[in-house]
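Undergrad: What TrEMBL records for this protein is below:
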type	residues	note
SIGNAL	1-19	signal peptide
TRANSMEM	160-182	transmembrane segment
TRANSMEM	194-213	transmembrane segment
TRANSMEM	225-245	transmembrane segment
Amino acid sequence: MRYFLALSLLAFFLHSTYAKQFDQWYPFYRKSLTIMEKNPECYNNYARDVQDRGASDPDVCKTMVNCLMTNNGDINKSDWASAVVLLGLTPTILGQLGSALREKAQLSFQSPLLGLLCILGGPSIPFERPWVKENSADEKKLSPFAWKERKIKLIMVPKYLLAVGAAANVIHNMITLGQQTIISWKCTWSHLELVWIFTAFVPVLFAVGAIFFKKRARCLNSVSNIMCAAHVVFGTLMLSSVLFIGTIDALVVVVRLTASTLVCQFITVLELKDEGD
């Protein structure tokens, strides 16, 4: 069952088609940005430049962005600016709503696949101060793959289905964001949003290492918290740099991310509570 769900999620990711830049836009400003309205010269020049220099040339992309910006009024630009403020705050907000780094590490240690899905479903992780005194009284003895015989498999099915749904929702959300917006400082890249999601595994791996290697726990926990901070900074930088998305569409993006984060936080709490009983 677990392997089937993992393969299903992988198939979903691979099936997500890559859309060419400037082909798709979010609904609210779709008419303002498409070739059928007031931007035919932008698209004609872009098509010519792509044929001459290739779509991977940053100057080709930037010229197209400048043309679209010029052809849209100040009120649209103001709405886009409000949207990036909302998106830029999203990693910090999600980090406060989601599970702590230690909880994600414990879940990944005891149930690797469920932990993986919950990291994808709640990619933003709150970080703590790197160097703090460890409280050994709060440490619990954990064992990997700690499945109890008394657990009925049917009880686990809803957890996995919810986790897969949350992870798929986040991946689809970020793929759509990459396809239907432009990142100002990396104009030709459409997958930085996915990079942000999948790099969430790195600090959790170090936190799991702290569970395995008790003598190195303080060092590994410090490194994992520093990486969490870097991950939040990267997410903030990336999400606050997207262009051509309005506040309403950005709110939908944030709501979808928040929903997945809350689902994964709920699953994590239930699973760790079951293991502690």
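For all residues, glycine too, the Cβ spot is worked out from N, Cα and C.
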Undergrad: Are there residues at least 6 beyond the ends of the transmembrane segment (225-245) whose Cβ is under 8 Å from a Cβ of it, and what are they?
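TA: Counting only partners 6 or more residues beyond its ends, the transmembrane segment (225-245) has Cβ contacts under 8 Å with 25-26, 29, 33, 65, 68, 80, 83-85, 87-92, 95, 101, 123-130, 177, 180-185, 192-193, 196, 199-200, 202-203, 206, 253.
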Undergrad: Which sequence-distant residues neighbour the transmembrane segment (194-213)? Criterion: at least 6 residues beyond either end, Cβ under 8 Å.
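TA: Same-chain residues near the transmembrane segment (194-213) but 6 or more away: 101-102, 104-106, 108-109, 115-116, 119-120, 123-125, 127, 142, 170-171, 174-175, 178, 220-221, 223-225, 227-228, 231, 234-235, 238-239.
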